[in-house]
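Copied over from Swiss-Prot, here are the features:
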BINDING   Gln162, Lys349, Arg378, Ser379, Lys400  (2R)-2-phosphoglycerate binding site
ACT_SITE  Glu204  active site, proton donor
BINDING   Asp251, Glu297, Asp324  Mg(2+) binding site
ACT_SITE  Lys349  active site, proton acceptor
Amino acid sequence: MPIIRKILARQILDSRGNPTVEVDVYTENSFGRAAVPSGASTGVHEAVELRDGDSAVYLGKGVLKAVDHVNTVINDRLKGMFVTDQEEIDMAMLALDGTPNKSRLGANALLGVSMACAKAGAEYSGLPLYRYIGGTMANTLPVPMMNVLNGGAHADNTVDFQEFMIMPVGFSSYSDALRSGAEIFHALKSLLKSKGLSTAVGDEGGFAPNLKSNEEAIELVIEAVGKAGYKIGSSTANGGLGDAQVMIALDPASSEFYDAAKQKYVFKKSSKQELSSLEMAEYWEKWASDYPIISIEDGMAEDDWDGWKILTDKIGSRVQLVGDDLFVTNTSRLALGIERGVGNSILVKVNQIGTLTETLQAIDLARRNGYTAVISHRSGETEDSTIAQIAVATNAGQIKTGSLSRSDRMAKYNELLRIEEELGLQAKYPALSAFRV
């Protein structure tokens, strides 16, 4: 019987050496384990990640309170339930927490249990997790957003924007796309060395050199694509997709350099330039005209709705505009964005909302309204590869899970290789069809 017998949580360490929650779920004849990720640049509207706050232990970042909630109240409530009743399990935990932002039990407690239950349910059913969640039509491998150059909150350097990414859009298989990313990563490393620049990496495995400007960062990435022997696209303003093998994606994480008091975007790490919302939107419009950019995530701050609308009206027909801090994987925030006509894509981070059911609901709402969904990691990760399974389960078509270094990032890429191998001829790589621009 798939009845939950025991739920056991523990405190482990993530890729930044900070505590996080790991959960084991036991039934009579199945088992599931999940570890919870954590972000560095977090949106103010995210569900609450419960930390202990004791500065003498792990600098206040311990998660023993969340662990205790799993081992006591959540365990007591879910014991005896069928592990295969995912929605009922998640709804029971939401009722138990009773707050709109999971602040009582902690989203990190709820998510660990939710994902571990799904894994135990999949094992009981004799199915891989992607098939258990997504059914027989789950067969689309995602186009990766590979974060090869870091700045912003993810690196101690002079670059304001958080992530400069490559997207292999001109390939017929995931494995070939991944190979191109790895080769471009190594070409970029060689290029940086030749210029006397640092090849130290940031939280997500991308390089984090000190550069003269934000423009130099994107130009280095473009140069590395060519150095690796791949064809970079041109600006989408000039119909630049064509036979492109690689396009550029950005995550400036604009909330991180938005000064709410001044209502200005301040380039604190580089030029000290201050831009209004209109000027920031015009900045991205120029970049989208000058460079082969196919996607911009969080191009405006999380509560700058007017700025988001300006940006969407300017370039939303030709560039994927992804809401991360804007939508925080929350159906209410996403519904508001749809109503206001801002963005055209949602970044999906399971720990922003706290349960698998709510995550799937957000993806469904996006899809029904013509928005794409990008399944995403966090900067603080573990060896857990659940998001790779979710990407295939939902046929999302895109995944964002870091650079081509650090085993916490490679765990997801390698899991997708295994899934592609398992699917065989059924496996689909969407390439440019993953985008709706």
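Every residue, even glycine, has its Cβ placed from backbone N, Cα and C.
On the structure: features taken from Swiss-Prot.
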residue	record	DSSP (3 states)
Gln162	(2R)-2-phosphoglycerate binding site	coil
Glu204	active site, proton donor	coil
Asp251	Mg(2+) binding site	strand
Glu297	Mg(2+) binding site	strand
Asp324	Mg(2+) binding site	coil
Lys349	(2R)-2-phosphoglycerate binding site	coil
Arg378	(2R)-2-phosphoglycerate binding site	coil
Lys400	(2R)-2-phosphoglycerate binding site	strand
(2R)-2-phosphoglycerate binding residues Gln162, Lys349, Arg378, Ser379, Lys400: largest Cα-Cα distance, in Å and rounded to whole number: 17
Among Arg378, Lys400, which are binding-site residues, the residue with the most C-beta atoms within 10 angstroms of its C-beta: Lys400
Non-site residues, in chain order, whose CB comes within 8 A of the mean position of the CB atoms of Asp251, Glu297, Asp324 at Mg(2+): Gln162, Glu163, Leu250, Pro252, Ala253, Ile296, Asp298, Val322, Gly323, Asp325, Leu347, Lys400
From recorded positions Glu204, Asp251, Glu297, Asp324, the one whose Cα lies nearest Gln162 ((2R)-2-phosphoglycerate binding site): Asp251
Alpha-carbon distance [Ser379 ((2R)-2-phosphoglycerate binding site); Asp251 (Mg(2+) binding site)] in Å: 13
Shortest C-alpha distance to Ser379 ((2R)-2-phosphoglycerate binding site) - which of the recorded positions Glu204, Glu297, Asp324: Glu204
Protein Cβ atoms within 10 Å of Lys349 ((2R)-2-phosphoglycerate binding site), excluding its own: 25
Whole-number Å value for how far Glu204 (active site, proton donor) lies from Lys349 ((2R)-2-phosphoglycerate binding site) (Cα to Cα): 15
